[in-house]
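As recorded in TrEMBL:
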- 68-87: transmembrane segment (TRANSMEM)
- 93-111: transmembrane segment (TRANSMEM)
- 149-176: transmembrane segment (TRANSMEM)
- 225-281: domain 'MIR' (DOMAIN)
- 291-347: domain 'MIR' (DOMAIN)
- 352-409: domain 'MIR' (DOMAIN)
- 484-507: transmembrane segment (TRANSMEM)
- 557-577: transmembrane segment (TRANSMEM)
- 589-609: transmembrane segment (TRANSMEM)
Amino acid sequence: CLFVFPSWDETHFGKMGSYYINRTFFFDVHPPLGKMLIGLAGYLSGYDGTFPFQKPGDRYEQHNYMGMRGFCAFLGSCLVPFAYLTVLELSKSLPAALLTACILIFDTGCITLSQYILLDPILMFFLMGAVLSMVKSNSCADRPFSASWWLWLSLTGVNLAGATGVKFVGLFVVLLVGLNTIYDLWDLLGNLSLSLVSVRNFSLSLYASFQSQLIGNNLHNVSVPEHLAYGSVVTMKNLRMAGGYLHSHWHLYPEGIGARQQQVTAYLHKDSNNLWIIKKHDSDTAPSSPVEFVRHGDIIRLEHKETSRNLHSHQHEAPLTRKHFQVTGYGINGTGDSNDFWRIEVVGRKTGKLIKVLRSQVRLTHVATGCILGSSGKTLPKWGWEQVEVTCTPYLKETPNSLWNFEDHINPKLPNISLDVLKPSFAEILLESHMVMIRGNSGLKPKDNEVTSKPWHWPINYQGLRFSGVNETDYRVYLLGNPVIWWLNLVTIGLYLLITISTAVALKRGVQLTSELKELSRVVLRGGGQITLGWLLHYLPFFMMGRVLYFHHYFPAMLFSSMLTGITWDTLLKFCAAFLSPSTIARKVYGGGFLALVLLIMYSFYLFHPLSYGMIGPMASDPSSPMAGLRWMDSWEF
């Protein structure tokens, strides 16, 4: 029953796999590699790309979806051996590696996340592959340019590329490897046996030229008039990356936000409210009048086609950007005042020259105040429909924010030219598409009544994520980490800091340690330090993100905290055993402590495994429920 309908974000990433199989262009805020691999897995396993993936709960029926799920589950299962080998390499301790593997095997959250068509198991596969390759490469540092050195160095690069190609948070592991490399170079610099020579050794807001190459896009194989003329209906695209189209709508600015006039914004999507009519500042163009071209230096008026209000500015402050002026829609049926007049200028052109659609970069200077029309890049609140702020800046710096081009151009009096002359280079397509993805990702906002979370919720397992089912009659899957494992990981972070501080102070004070304790100190400071840095890099940046956040964003950091748990508890038990004699007692303490941890983890999995594999029947609040008594926190929704 669990596997016959899509759950949660499968409706997104399964659909995108279908798009690749059907060779359909689409836009997503994540890089393409993960969806391409999902599509490839589906194609190779016989899926034809016809399931609509409209909403969770729709039955797959005869559609062959298991190849895509099996692919993600296989990559998720690889996390266990990757973490095992990483900890084994860092600690040289089989029990530490086994404890880490045990944690990941019996974590309900990792199991849940790995058994569906999602990007997370693919991302974590490449992430852990990069960490393992980095650690193995470090172990070959005494054999530079050997076959194993080249192998692990190459695999590090491949996995880093894979991680960043799935999600932008893959950049965090790139930073981890970069900091590790800097540390190694610094270490080599202090090695006097080496010479210095040795040490040295879309559819949404993509550019028009990009869109014109996309089959099915409204600009593909389109012809438009080449030069701008009075009476033309146009759209204006801001030249900052993902800057959006000049846009207006009937909604007014709210009370207290400048003048209560019609809103003007930048909008990332194609829309009829992006259309403007170019008119002379002092008269209208009669339909029967001959064509008169707009020239560099002309004073024009832009009338919004849908609302018949003019593009207007005045010295009221902009909604978000201080010391910039507000831009509004003003007037009735195109009749306004002198604050509706703008001087149009083309970058690098002389007065009187014609203005080319799509190719001319234009600047609109407000005649009355001298400010320049631009997009600040800031997202307006909900009263502004979370569109981008448009302002008039008095600072006359020439930046992409204050430059525009004319994209759509409608004028039946003029001959057309083909857009094929604007074909962009591969580098231009790559740069623009990634900038649009980054902007789209950072601008994600929660939907109404959507369950989101905050970064401080994650390490304490405060709130899970409902994958499927709500009612007692539904088959329910709930993404929640194994509470015992997650709280053990959280306690271990504090324990590791105490051990690290104690070890560092002991070494600084010159305390005499046995060779075994010295090796343990090295493991704590170097091996544990690398893992702790990985945890910090994959966790702390989320506190600075303005986008919507979910519980599953913590799982890459959870992998690092699980490895740290294996290393820390192995080291702590060995420290305790080292101060006990005879050796038989020491072995019993070490073995007993290790066994108790493993049994505790396994028993907690026995209690909470229905979270991953599915629950049906009464909710946990009902005494007859199989999960009765296990809802340890009120914020858990199962």
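A Cβ is built for glycine as well, from the same backbone N, Cα and C atoms used for every other residue.
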Closest-packing stretch to the transmembrane segment (93-111), where packing means Cβ pairs under 8 Å, from 149-176, 484-507, 589-609: 589-609
Of 68-87, 484-507, 589-609, whichever stretch has the most CB pairs under 8 A to the transmembrane segment (557-577): 484-507
Confidence summary (mean pLDDT) of the domain 'MIR' (225-281): 90
Outside the transmembrane segment (589-609), six or more residues from its ends: residues with CB under 8 Å to it: 95, 98-99, 102-103, 106-108, 480, 482-485, 488, 569-570, 573-574, 576-577, 580, 630
Tally of DSSP helical, extended and coil residues in the domain 'MIR' (291-347): 3 helix, 29 strand, 25 coil
Tally of residues which DSSP labels helix, strand or coil - the domain 'MIR' (225-281): 3 helix, 28 strand, 26 coil
